[in-house]
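Copied from Swiss-Prot, the annotated features are:
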MOTIF     10-20  motif ''HIGH' region'
BINDING   C99, C101, C126, D128  Zn(2+) binding site
MOTIF     239-243  motif ''KMSKS' region'
BINDING   K242  ATP binding site
Amino acid sequence: MSKVATRFAPSPTGALHIGGVRTALFNWLYSKNKNGTFHLRIEDTDKERSKDEHKIQIIKSLKWIGIDHDGDEYIQSTKINDHVNVANELLKNGHAYKCYCSSAEIEEQKKRARQKKLPYVYNRKCRDLQETNAPTIIKPVIRFKIKIEGTSVLKDLVQGDVEIENTTIEDFIILRNDGTPTYNLSATVDDHQMKMTHIIRGDDHKINTFKQMQIYLAMSWDLPNFAHIPLIHTIEGKKLSKRDNASTLDDYSKIGIMPDALRNYLLRLGWSYQDKEIFTLKESIELFNLEGIGKSPSKLDMSRILSLNEHYIKTINENELYDHLVKYCEIYKEKIKPEKETKIKPSLIFLKNKAKTLEDIFNNAKYIIFDDVKFEDKDLELIDDKAKSIIKEFKEKLISINTLNKETLEPIVNDLIKKYETNFKGVGQPLRIALTGSKFGPGLYDIIISLGNEEVERRLGNKIII
């Protein structure tokens with residue numbers, strides 16, 4: 001039995017779609033589970049839309065979520081000659097033919113199909129056309145000659161056996177009239193040359209699979225195993241598209257979703273193992289199988305993603321969380337100065353308790369990350385004469401404290417509450433605004449302890465405040 005080999009084959013025409021990430025993950029996990037190999041093929045034959053920057057971003061995105069590939073990337077555009085050679089061989093052996101139908105004729109056929117509310121299938125007009133009767137002024141396309149008798153059976157490892165009438169499969173184009181190969185030819189030749197044993201992809205590819213199976217048979221190549229996974233839908237039950245919000249991997253990393261959390265979510269999106277919800281990477285590899293993939297579409301639930309992300313934020317240690325925060329800020333916010341580590345890292349113990357994303361942590365930690373406090377007019381309006389007196393007196397009392405903790409700070413706050421006949425908010429709010437620039441955020445004592453005596457005194461002496 002051949003060693004398992006799977007692949008992920010994105011087109012570098014834009015950011016990596018979340019559905020593609022799940023497909024890559026399932027292929028990667030299956031190959032790892034079987035001690036096989038996982039390959040990345042860049043399908044860049046659309047020269048107008050394919051960009052190097054998209055290819056680079058796809059590779060970075062896969063790496064971000066923990067998916068690595070074996071060997072170098074397989075670049076489809078470098079194999080076009082091989083694709084063309086196979087097309088010519090199919091033509092020579094009678095498994096393909098030249099089609100001279102004009103674009104106007106094809107459009108008319110499509111129009112009639114739409115009027116009858118039927119799927120378009122080429123009418124095979126040129127299938128048996130003799131070369132001597134072919135028009136000389138039209139450059140032909142080459143179509144594959146489908147074996148139209150009988151049925152084709154796809155032995156799908158997820159969907160089970162799927163059977164269709166061969167007459168419903170059109171004689172599809174394999175070479176355009178400019179000599180360039182089409183998707184179904186290129187993908188089939190590549191999969192054969194790469195020795196792929198398992199093709200795991202979305203179930204919107206099923207009709208392509210029936211076409212590609214006929215190429216395999218015509219070329220006397222061994223068929224790989226096929227597994228078609230259900231598509232991802234929106235929470236409303238519609239097919240997820242690139243136009244939907246949060247449809248690309250970048251959309252999730254940008255708001256501070258952690259790689260492990262998103263990988264865990266995508267693993268469970270359409271796959272299950274007993275009633276287990278949280279999987280380590282090691283468990284994912286050991287337990288993943290194709291039998292656990294369901295047949296129905298799965299709904300993308302942002303609230304569930306946030307809940308999982310919150311779980312990961314709260315359960316990983318502060319050293320790991322700090323590393324994630326540093327990387328996140330470097331890409332999407334502002335680079336954290338190395339000297340801030342000693343203040344931020346201990347503060348993560350309380351900062352992560354109110355956070356669902358890395359962005360939440362960043363927003364709550366701004367007062368530590370940045371030395372200069374930025375105030376909004378609406379918050380400064382809350383600093384009246386009474387608030388200024390509270391800030392000034394707290395600063396004076398703080399000088400006598402050597403160790404900052406709740407036990408040393410609470411008596412000072414309670415004295416001020418009593419003296420100014422107010423409540424905790426009456427004391428805490430002006431202090432919080434003076435120290436962080438906001439009336440919201442972490443607990444007052446946590447803020448003071450994390451900043452330290454010297455920095456607290458400096459900020460409470462800010463002329464903008466007092």
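Even glycines carry a Cβ here, placed using N, Cα and C.
Counting other CB atoms no more than 10 Å from each candidate's CB, the binding-site residues C99, C126 peak at C99. In the three-state DSSP classification, C99 (Zn(2+) binding site) falls within a strand.
Annotated Zn(2+) site C99, C101, C126, D128; additional same-chain residues within 8 Å of its Cβ mean position, judged by their own Cβ, are Y97, K98, Y100, R124, K125, R127, L129, R143. The predicted model assigns the motif ''HIGH' region' (10-20) a mean pLDDT of 93. The C-beta environment of C101 (Zn(2+) binding site), restricted to residues of the same chain at least 6 apart in sequence and closer than 8 Å, consists of Y122, K125, C126.
Taking all protein chains in view, 8 other C-beta atoms sit within 10 angstroms of the C-beta of D128 (Zn(2+) binding site). Taken residue by residue with DSSP, D128 (Zn(2+) binding site) is part of neither helix nor strand, so it is coil. Residues in the motif ''HIGH' region' (10-20) partition by DSSP class (helix H, G, I; strand E, B; coil) as 3 helix, 1 strand, 7 coil.
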